[in-house]
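J.: Checked TrEMBL, it gives:
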{"type": "DOMAIN", "residues": "144-608", "note": "domain 'Peptidase S8/S53'"}
{"type": "ACT_SITE", "residues": "D153", "note": "active site, charge relay system"}
{"type": "COILED", "residues": "274-301", "note": "coiled coil"}
{"type": "ACT_SITE", "residues": "H380", "note": "active site, charge relay system"}
{"type": "ACT_SITE", "residues": "S566", "note": "active site, charge relay system"}
{"type": "DOMAIN", "residues": "654-761", "note": "domain 'Tripeptidyl-peptidase II first Ig-like'"}
{"type": "DOMAIN", "residues": "781-864", "note": "domain 'Tripeptidyl-peptidase II galactose-binding'"}
{"type": "DOMAIN", "residues": "906-1089", "note": "domain 'Tripeptidyl peptidase II second Ig-like'"}
Amino acid sequence: MDLSLQLQIGGTFVKGPSCCSSYWASPSPSTSLSLPRDYISSPFLHRRLNSLNTSRFRSRGIRLRRRSGSSAMPCSSSSETLTASRVDCGGGGSGRGGGLACAGADNASVANFKLNESTFLASLMPKKEIRADLFLEAHPEYDGRGVVIAIFDSGFDPSAAGLHVTSDGKPKVLDVIDCTGSGDIDTSTVVKANGDGLIRGASGAPLVVNSSWENPTGEWRVGCKLVYQLFTDDLTSRVKKERRKVWDEKNQEEIAKAVKILYDFDQKHSKVDDAKLKKTREDLQSRVDFLKKQADKYEDKGPVIDAVVWHDGEVWRVALDTQSLEEDPDCGKLADFSPLTNYRIERKYGVFSRLDACSFVANVYDEGKVLSIVTDSSPHGTHVAGIATAHHPEEYLLNGVAPGAQIISCKIGDSRLGSMETGTGLTRALIAALEHNCDLVNMSYGEATLLPDYGRFVDLVTEAVNKRRLVFVSSAGNNGPALTTVGAPGGTTSSIISVGAYVSPAMAAGAHSVVEPPSEGLEYTWSSRGPTSDGDLGVCISAPGGAVAPVPTWTLQRRMLMNGTSMSSPSACGAIALLLSAMKAEGIPVSPYSVRRALENTSTPVGDLPEDKLTAGHGLMQIDKAYEYLKQFKDYPCVFYQIKVNLSGKTTPTSRGIYLREASACRQSTEWTVQVDPKFHEGASNLKELVPFEECLELHSTDEEVVRVPDYLLLTHNGRSFNVVVDPTNLGDGVHYFEVFGIDCKAPQRGALFRIPVTIIVPKTVANRPPVISFQEMSFVSGHIERRYMEVPHGATWAEATIRTSGFDTTRRFYIDTLQLCPLRRPIKWESAATFASPSAKSFAFPVVSGQTMELALAQFWSSGLGSREPTIVDFEIEFHGIGVNKEELILDGSEAPIKVEAEALLASEKLVPVAVLNKIRVPYQPVDTQLKTLSTGRDRLLSGKQILALTLTYKFKLDDAAEVKPYIPLLNNRIYDTKFESQFYMISDANKRVYATGDVYPESSKLPKGEYKLQLYLRHENVQLLEKLKQLTVFIERNMGEIRLNLHSEPDGPVTGNGAFKSSVLMPGVKEAFYLGPPTKDKLPKNTPPGSVLVGEISYGKLSFDDKEGRNPTDNPVSYPISFVVPPTKPEEDKKVVSSTKSCESVSERLEQEVRDTKIKFLGNLKQETEEERSEWKKLCACLKSEYPSYTPLLAKILEGLLSRSDGGDKISHHEEIIDAANEVVRSVDVDELARFLLDKSEPEDDEAETLKKKMEMTRDQLAEALYQKGLAMARIENLKGKKEEEEGSSQKDKFEENFKELTKWVDVKSSKFGTLTVLREKRLSRHGTALKVLDDLIQNENETANKKLYELKLGLLEELGWSHLVTYEKQWMQVRFPTSLPLF
């Protein structure tokens, strides 16, 4: 997900008096104060996943929402209350006395802080905080020149303000790439132009190519795409509104015309007694009704754009036909398009239309077979690029940090997923960055992770950093204020520089437009904190986390305010570009290792306490000091010191720091082994660099009483280890942070060469019973955070908390987070936001993990209460509850046996109220087809030279009713960074190739109508052996079902006898009780459920003490656990025994003759008629069988069926005449009088022979009706093909059609779904188009299976004849949705 928090779009444009550009200003501070925590204007988002004892937040993509922008004061420990701390003026490194000038001094102590115009403009694009302004003033030529940054983000708008040229006049943007494939169009179809330069587009539209376009081969490759698939949701919404206005106007115009015609008819015919007149009036009324209904049914799926690709002899060229987007029919024509080629060649872009104002670029891959149309999937990526590199010659204060740097845009946010990143996008982006020899990468995306510093993408990044000296910068995340909330990859990966978000008083006053800014700079409340779960620091440095920066033109504004670590990361990246620019100019070797060390050792600490490093990392980066550091120590080896820490005596797990969090670990001293391995860049000389490397290091601890280390270490290329003893036994409750670091004895001024974080959390023990813990009279000011740590009592499964506020005047907003860590799980986090308009109390409940330390983080939002002199007084009370069970996950195996559940309350008496519900079904499927191929394009070739392979698995499933379904792939779901698999993507389509759903590692439910579907799962990796193992991968299709409430019993036979129902009980502490959970009864299982399917749901055991309601759904209760039921095998069907009737009067020879006859007819039906020879043989056999079995209706019906199955590609009139002749033969073969008499007899058959006769007669009726129906269709089609003839001939033909139709009405309902088409054609022939549309709409609405293309083509024809052009256009667009020519590319 992208890691911006807030787009404030409610502001106005304000013209600065001394600059010609427009800049954005928020209208009031309430814009950033009043948003709920789980709201964020696009593009930041989060997903809450409620499961057993967890509240996990997945932060990726644009579709999900998270908090509004916020910031945090440096946190306090739990032992004392602190006010906001200042930006410290001490130096970097391990101490506070490095002698560096205070970068934040200009921001400190500003009680009377006032902005002027220049400081206001500067605050919109903050640079002063990191001293980039001073650096550029001293070194204007080191403004990023010579540096290329890859922006891994949501895409980029090349028309955006300030992103056209660099400060020295070079092109700003070198390439724009869609790495996700969301803009890919299949252009493998080749067509030739006719003499008029006309080609047929992939959409079916005729296109005229420009005669001036060079095309030596004469081959034009065509493809098409629904344009909304290229737009963001916001842009789509805006375009839809505009298009709907135009459509409504046209529809109202047509309604008015239809009403007038009806009115005129009524005026002319005061009495309508004649049947024909009645039918005519019904038709006119149907036209009015149809038009009115269209407004209610209107759903704009968007126009289709046609794409044409060709090779002009030098490069691939691209042109688009966008007429469907334009109101003016003369605009958007293919021939008027100015052809594009791959962006990196000519750096040109296009705009779809004036309506959308959406820019795009084109790239052609795979020898013209794939066209990539690149658009952005949110404004986020352009904003990020602007922060890093924007250049505004007219107003330098609005420049990005490195206006001289160039960029490539690598879109990793997939438009199909609302801008969520995919493994494909990440891998291709890294390939592109290396191909373009980028110096830097900025990635403002990330999410929580299962394992730190782990996963395929992490491995690829680390390889690029080591081999190609790529400097990789990424956001830390927006999941604060709790500790251990840094996200992957930025906050958890050793090879990536992770950036936290800082806000200065100037930013608060200017960009955020608060009434009274904070007196000192601080970290935003929501900025993620370290350490990582394996003890690494997590946040490397901090940078300004908000800016008013360029956004795409389609937003209809030039700039926009966003804040988040998404913004702090490009701020830091731009600053690093200044460093690299200077290093290149001065011949200083560029290395991500030395750059990181320079940043860490020169940053200005934010906060006074050691543990503040967990919030802001090493501090606010100071770019001028980092530059001086790099110059001073340029001759030292470029080395990364890899740290591996193990508890002495254990080889696993290996960590990167020491993190003592649980109570037992804080009660004794422990000894740790630290391995330090110097890592050189690939290609380092053995003799010149590795052998001579030898450093005498002085080891230090920031507190020798707690962390003891040896005094010295001699480090060589092969690495060394040393021991660390940690004694936390004398520490008080709360969080404590220490460091072990190594100093070069010969050059101590280099600062720390490596650091080993030591984080110790000493939790309070909740000893009293009932287990209640209170924190009284905590005092809060804006941005202040209080952290409390407690050991969750053994036996607790949930907590109930109450917060009481007092002592304030203006509205206050609080973040309330709890967090626990468990092995091989993402951090278990619960969060809430509470707004208090006046002193009051609020209660919450959340799940907890027994025996594990829990952090409670309370934070007053950074801008909440600014301007008020009164602190907020908070009392917070937590009461732990728990019902422990012997099995947390219950699996009913499909037998009749129940499961025994033992429950006990260890803490206090609790009411046991079990509720168990199954509400979803998962049906397993195996692939019906597998395709493994090597991807052919350069965008899928790794740094190692290996080509990525793709495995496509195809699954088929059927829905008997409409349902919401979701693919479930246990092996692959819910992991994007912490996985060794590269990528997955799925697509669900119907038989018409209409795509209903797409998704990746986080599948979502999609509503599908009844029908048959194909799911294609696309997996990528360069390891063929790994993909081979996945060829039989099981996929579950999960769908909702009606709730099945499971019965509870007090005796083991209860499920069978029905006795001993268990309802509730009161658990006494230490006393176990048991009950039985019975399986669902067979009659409650969903119909046609395949054996091996799994019914899933949840069970809960307790209820909230402050809620009198007894939740009937387990998820309503404080804690719920998963339950599942495996559907058992069904009873095998008994073989149906064929019993011959003893009363049959047929002889054996007669029955044999019948069997031979039926076999011959079956054989005839199986014959192919694809070639002329096959058709000739088929005709010969037909003639032979007709002579052998004359007037035998089943044979004649089979012949008619064969004719219908044959392609009518030749003489269509002759073909339809053959069908009429064959249908007539069927009709003549039936004794209709006998058939009518039989069908009028409604009595039930008395014996098998009568039953057989009934079935035979019903089959004959069906064959007769089908013949009459097909005859009518053929007659109508011949009429349509011949056009207007002599009146007599037409009248004669009409009589024959009417006679046939009248005959059909005797046998079937001619308006039914099977025969209704003929009714529509009849009404059309009679010029009653309104009635025809009414019947046709009913047919379409009553379709039970996949959409019938012929019905929609018929509808389109009727609309064209009526002249309703707006509906014709609408239906044509829907045709592309319902009946695409091919499936989209992955």
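The backbone N, Cα and C atoms fix where each Cβ goes, and this holds for glycine too.
All TrEMBL annotations are machine predictions without curation.
For the listed features, I'd like the structural context: burial, neighbours, distances.
T.: Residues belonging to the domain 'Peptidase S8/S53' (144-608) score a mean pLDDT of 95 in the model.
Note on D153 (active site, charge relay system): other Cβ atoms within 10 Å of its Cβ, all shown chains, come to 33.
Here the coiled coil (274-301) has long-range neighbours at 226, 228, 240, 243-244, 247-248, 251, 254-255, 258-259, 261-262, 265-266, 1323, 1326, 1328-1331, 1333-1334, 1337, 1362, 1364, 1367, 1370, 1373-1374, 1376-1377, meaning same-chain residues at least 6 beyond its ends whose C-beta is under 8 angstroms from one of its own.
The domain 'Tripeptidyl-peptidase II first Ig-like' (654-761): residue composition by secondary structure is 12 helix, 58 strand, 38 coil, according to DSSP.
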J.: With DSSP as the yardstick, break the domain 'Tripeptidyl-peptidase II galactose-binding' (781-864) down into helix, strand and coil residue counts.
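T.: Summed by class, the stretch gives 0 helix, 49 strand, 35 coil.
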J.: Ten-angstrom check, please: count other Cβ atoms within 10 Å of the Cβ of S566 (active site, charge relay system), all chains counted.
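T.: Excluding its own Cβ, the number within 10 Å is 35.
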J.: Compute the C-alpha separation of H380 (active site, charge relay system) from S566 (active site, charge relay system), stating it in Å without decimals.
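T.: Cα-Cα distance, H380 (active site, charge relay system) to S566 (active site, charge relay system): 8 Å.
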